[in-house]
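What TrEMBL records for 2-154 is domain 'SPX'. According to TrEMBL, the transmembrane segment annotation covers 256-277, 297-317, 324-343, 349-368, 380-403, 423-443, 508-530, 542-561, 573-594, 600-624, 668-692.
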């Protein structure tokens with residue numbers, strides 16, 4: 001395998017030599033830092049981080065300014081060529097021999113191809129330097145032993161004054177490619193430059209699919225997009241909170257226990273499946289126990305309400321152990337599902353509620369998040385983080401689908417009924433039992449190393465303040481922040497400190513998270529009773545519908561991750577996704593007697609709400625991790641805990657509202673539930689608009 005340093009020397013453009021990333025010089029500097037880091041003091045470590053970050057900033061600035069200069073020159077060439085072409089083609093339309101016309105068109109075509117070749121060279125230049133930046137950041141983390149890469153990228157990628165915006169958004173390059181492709185299409189077809197506006201957007205009208213330069217440009221842009229997408233995932237930590245103080249050992253020293261990681265991912269999957277498995281049948285189960293079907297809101301909502309308390313306990317408990325709280329949470333989930341299954345033979349609605357509450361107390365997502373972030377090496381973190389997101393989505397889809405498969409069951413087991421109502425409880429009891437047995441033998445408690453230095457604080461402080469009088473902090477050129485006292489970087493230890501630490505963008509993003517969880521919970525929890533009342537859907541049909549919605553999230557999120565997030569700023573995606581949710585809620589309201597509520601209306605609005613809220617969750621959590629103050633990146637009151645509490649509270653209130661709305665009558669249920677949801681969505685849009693320029 002050719003080393004990247006040799007590759008960049010062999011493939012760089014000679015006349016642009018001085019504008020490439022100084023890969024060899026940066027490697028040499030990293031080796032110097034590595035020899036000093038092992039015995040360096042706190043002040044020296046912070047100086048290493050700040051010095052290297054400034055060195056990278058100067059490299060990036062040189063590369064990006066050259067990129068902008070070249071983009072400007074290419075844009076100027078295209079503009080002059082367009083003016084020249086417009087005049088010539090206008091003259092041709094009056095009276096010119098066919099041979100002359102062909103000669104002129106071919107001449108302009110060759111000039112566009114030449115500009116395309118220059119743009120291709122520029123794209124390859126950007127790709128090579130982007131790869132070099134990624135590799136040098138990874139090498140610094142590995143050799144020096146600091147968790148620097150994520151902090152550096154996160155502080156630059158989404159800041160409005162960052163030079164890296166030019167690389168990660170690719171707006172200028174995309175515009176140049178579009179102009180070249182469109183003009184080549186017009187010249188190839190022999191059309192006038194004054195082509196129909198609408199034909200610009202019909203691929204069939206662009207006969208350039210086999211144009212080699214266009215294929216080459218598309219390939220180069222695709223490679224660059226993959227590169228910056230990966231770096232964006234690294235910067236955002238894929239929605240997991242930043243590491244706590246127990247994760248301060250170097251990447252090479254961190255222990256990676258494969259089975260323990262898998263057990264945390266399976267815990268996430270099973271919990272989400274356990275949460276949603278009761279949705280298709282909970283209303284019928286309630287009616288069987290002689291309570292209104294709308295009390296399914298209480299049944300479903302008992303779980304997140306109890307999880308509000310358990311999340312805080314588990315977040316504190318994980319400071320000392322992972323094994324013990326995981327076992328206790330599993331036992332609580334087994335007890336909760338047992339009570340859920342026994343509610344029918346005991347004819348007790350309270351068995352249902354208490355069973356779901358016990359399941360909520362067993363929710364260990366705070367433990368899962370923290371374990372994965374604290375005890376997975378940097379080189380595996382991106383893949384494991386992606387697996388965490390996928391496990392949650394698959395659990396959301398598997399729960400209702402599994403409930404649909406269990407509907408046909410009807411037999412006795414040791415004198416206890418196993419049917420569509422009790423089967424979810426029995427099945428989850430069995431699955432959690434298997435999980436407990438496997439965990440007893442396979443889960444390994446990670447070593448709790450005593451931390452004798454403040455590496456994480458040093459890395460984080462380098463991105464917040466320099467701590468010196470020189471004002472050379474890493475973000476000073478971008479933000480111009482004032483120096484933050486050392487105590488201001490300590491984790492928030494009390495509720496009062498927590499509220500003081502939450503700034504305006506964090507408040508807005510937590511409100512957004514609350515809103516999206518409220519909206520999607522309202523949609524999912526009332527799906528069974530709404531679809532049965534209006535369309536006479538069976539419980540199995542509801543389950544399959546919700547399962548299909550859950551599976552649809554995966555490709556949509558992939559599109560957002562690979563394309564939309566690389567083209568638009570996070571706050572832009574958040575704002576317009578909120579508007580989509582508002583439109584979905586408006587469409588979901590029943591306007592009878594003006595209009596009849598139809599299946600198409602319900603399915604279409606459900607798709608818009610469900611997919612929009614899931615897209616919004618990913619982008620919102622990504623931005624939340626960037627604007628979260630350093631005091632909220634560690635300790636009990638961390639970013640993951642706050643978002644978990646906000647989402648859990650939203651679910652509980654949404655489910656409670658369904659039960660209250662049921663007293664107004666089924667014909668008014670959609671109005672009573674959707675109107676407050678719409679008000680909340682519109683209020684969130686207003687808050688996002690007011691604080692729009694603080695969200696970066």
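In case you wondered, yes, glycine gets a Cβ from its N, Cα and C as well.
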### Query
Excluding the flanking five residues on each side, which residues at least 6 beyond the ends of the transmembrane segment (297-317) place their CB within less than 8 Å of a CB in that stretch?
275, 278-279, 282, 285-286, 324-325, 329, 352-354, 356-367, 370, 521, 525-526, 636-638, 641, 644-645, 647-649, 651-660, 662
### Query
With pairs closer than 6 in sequence left out, are the transmembrane segment (423-443) and the transmembrane segment (542-561) joined by 3 or more CB pairs under 8 Å?
no
### Query
By Cβ distance under 8 Å, which residues at least 6 away from the ends of the transmembrane segment (349-368) in the same chain are close to it?
264-265, 267-268, 271, 274-275, 278, 285-286, 289-291, 295, 298-300, 302-307, 309-311, 314-315, 317-318, 322, 325-326, 328-333, 335-343, 388, 425, 640-641, 644
### Summary
Model confidence for the domain 'SPX' (2-154), as mean pLDDT, reads 82
### Task
Answer yes if the transmembrane segment (256-277) and the transmembrane segment (423-443) have at least three CB pairs under 8 Å among residue pairs 6 or more apart in sequence, and no otherwise.
yes
### Task
Report, as numbers and ranges, every residue of the chain located at least six residues beyond the transmembrane segment (423-443) whose Cβ falls under 8 Å of a Cβ in that stretch; write 'none' if there are none.
259-260, 263, 266-267, 270, 273-274, 277-278, 281, 322-323, 326-327, 330-331, 333-334, 337-342, 355, 402-403, 406, 409, 413
### Task
Residue list, the transmembrane segment (668-692) vs rest of chain: Cβ under 8 Å, 6 or more residues beyond ends.
294, 504-505, 508, 511-512, 515, 518-519, 522, 526, 529-530, 533, 571, 574-575, 578-579, 581-582, 585-586, 588-590, 597, 654, 657-658, 660-662
